[in-house]
Amino acid sequence: MTKIISWNINGLKAWVKKDGIDNIHNEKCNIVCLQEFKCMRKRLPSVIINWKTYQYKYYNFGNKKGQLGVCIFSQMKPLQVIYGFEGNGIPDGDASDGCPDGDESDGRPDVDESDGRVITAEFERYYIVNVYAPYIGRVNRWPNFVIDDTKLQSRREWNRNLVDHVKRLDQHKPVIICGDFNVAHKDRDYAADHLADNPVGVSAEERDDFESLLDSGFTDSYRYIRGNDDEEDKCYTSWMYGINMKNDIGWRLDYFLVSDRLINCVSNSLIRKHVPGFDHCPIVLSLKI
């Protein structure tokens, strides 16, 4: 059995202070994928550097100081790690086997994917692609957001690059894509009655692009387990404020998308809504491999 956890933590230091590590330990996962950790290498908390549960740690910090960032922590050594979209990785077999501080720190290439949104790890039977998709909104009058057309066009190009990336990988072995996609796929994936005035994350363009990703050979693991036909099955992973989390007014923005040919290995796909104090909750995928 393999367990993978994905979590938009909105800042690594705050996440550590809020007992994020304890939540990971409680899940007993083999692989951890974090998004938006907002920390540069020299400011990594010592508890992360010295975290022995996960010997192999890889970060795409990006070039924007203290912003964004995606990382993968693993109990198993990857065959290779790719920073950004394919072509920006380190050579096959050159994944770190653990530097003295326990993270990847040498041989890190310069990357075109400069804002720290994508990192891929190859394992024996699958790839894991950890993503933090661009947000296309701008504040109109708080708390309402409107779509920024320039950001939307940039996001659509990013989506096309992601599809190309995972399709290339999928030619070699199955792919698991996880992370914060910043889109609610269907109306049941957000609290439409309360959030109808906020078009960001539910626009036709964002949903069409997400559908294109699924159509390229992937299945939403949560809907696979829960049943795709239940239109009343509303479960969210992100909330704008604490009060909205309490009242469950939110969006399902975080997903595990699994190659169609691997989906039969999925034994569970969970949303851990019981974790307080964050604007996203963790999601957990269990595989019979």
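Cβ atoms here come from the backbone N, Cα and C positions, even for glycine.
Binding of Mg(2+) is attributed by TrEMBL to Asn8, Asp180, Asn182, Asp279, His280, and the same site annotation extends, among Glu36, Glu124, Glu205, Glu211, to Glu36.
Annotation: Asp180, Asp254 are the recorded positions among Asp180, Asn182, Asp254 whose CA atoms are within 10 angstroms of the CA of His280 (site 'Interaction with DNA substrate').
Geometry remark: Asp254 (site 'Important for catalytic activity') versus Asp180 (active site, proton donor/acceptor), CA distance 4 Å.
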